[in-house]
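Q: Quick one: this structure, given as structure tokens, is what I'll be asking you about.
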Ligand SMILES: O=C(CO)COP(=O)(O)O
């Protein structure tokens, strides 16, 4: 049985004063059946991890370098993130693939670094609208998955997030049929590559315009173990109903 996960991605949003939202989430979103993870800008990771240390909430980052240390101005390593209190890191988000030309090999190296530091790697895959319109969705996602996920992946160290690029920040949500098709494909591909045990236990999140009013229908889709939430993770008022919908959803 896979444990559910409600993950937030604050992206390049948030100042110290906004960390009050974490207290509100911890106080008002009971989630005994789900992991709660909030991925913050690097500047907030240490104070946030201190702030939530008495709750079950995990703090995560949004990227890391593949090296542990060295001459990489402006970068941050998985070792440093773990030292600051992070428990996880998002890797290969489409915004990084687009803005920083990250390819699968880069994401895989970062995921190996994350694993070596004890961080959960939340590895993102997703097609653009042009790729979907061209009928290439599963080819694109299969190639991203194969390239980005290290051979050393385990169910404890890797989570996959399916985020169609055209659904991110657009308010345009994938249909439940579209989500079901991709998640079934991801599950089969992971089982094929790893084993029924490992491939069947790696969690699959959906991301892209997840909101309080559409969360329940997404969590009812087979093979959806939770969500990676952008805009609606910034406040407890938006995030808590999503967590509640996840808690109320069927258990995989
Ligand atoms: O990119 C996302 C999460 O990583 C999704 O963002 P939105 O929920 O704002 O669409």
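Placed from the backbone N, Cα and C atoms, the Cβ positions cover glycine too.
Remember, TrEMBL labels are computer predictions, not curated facts.
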Q: Check TrEMBL: it lists 9, 10, 11, 169, 230, 231 as binding substrate. Then name which of 148, 195, 209 it lists for that same site.
A: 209
Q: For each of 169, 230, 231, count the other CB atoms within 10 A of its CB; which of these binding-site residues has the top count?
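A: Counting Cβ neighbours within 10 Å, the top one is 230.
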Q: Just checking a number: largest C-alpha distance across 9, 10, 11, 169, 209, 230, 231 for the substrate site, rounded to a whole Å.
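A: Across 9, 10, 11, 169, 209, 230, 231, the widest Cα separation comes out at 14 Å.
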Q: Which one is it: of the binding-site residues 9, 209, which Cβ has the fewest other Cβ atoms within 10 Å in this structure?
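A: Among the binding-site residues 9, 209, the sparsest Cβ neighbourhood within 10 Å belongs to 209.
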Q: Where does residue 231 (substrate binding site) sit in DSSP terms: helix, strand, or coil?
A: helix
Q: Looking at the recorded positions 11, 93, which one has the fewest other Cβ atoms within 10 Å of its own Cβ?
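A: Across 11, 93, these recorded positions, the one with fewest Cβ atoms within 10 Å is 11.
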Q: What are the sequence-distant neighbours of residue 163 (active site, proton acceptor), meaning same chain, six or more residues apart, C-beta distance under 8 angstroms?
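A: Looking at Cβ-Cβ distances below 8 Å from residue 163 (active site, proton acceptor), excluding near sequence neighbours, one finds 93, 94, 124, 125, 126, 206, 207, 208, 228.
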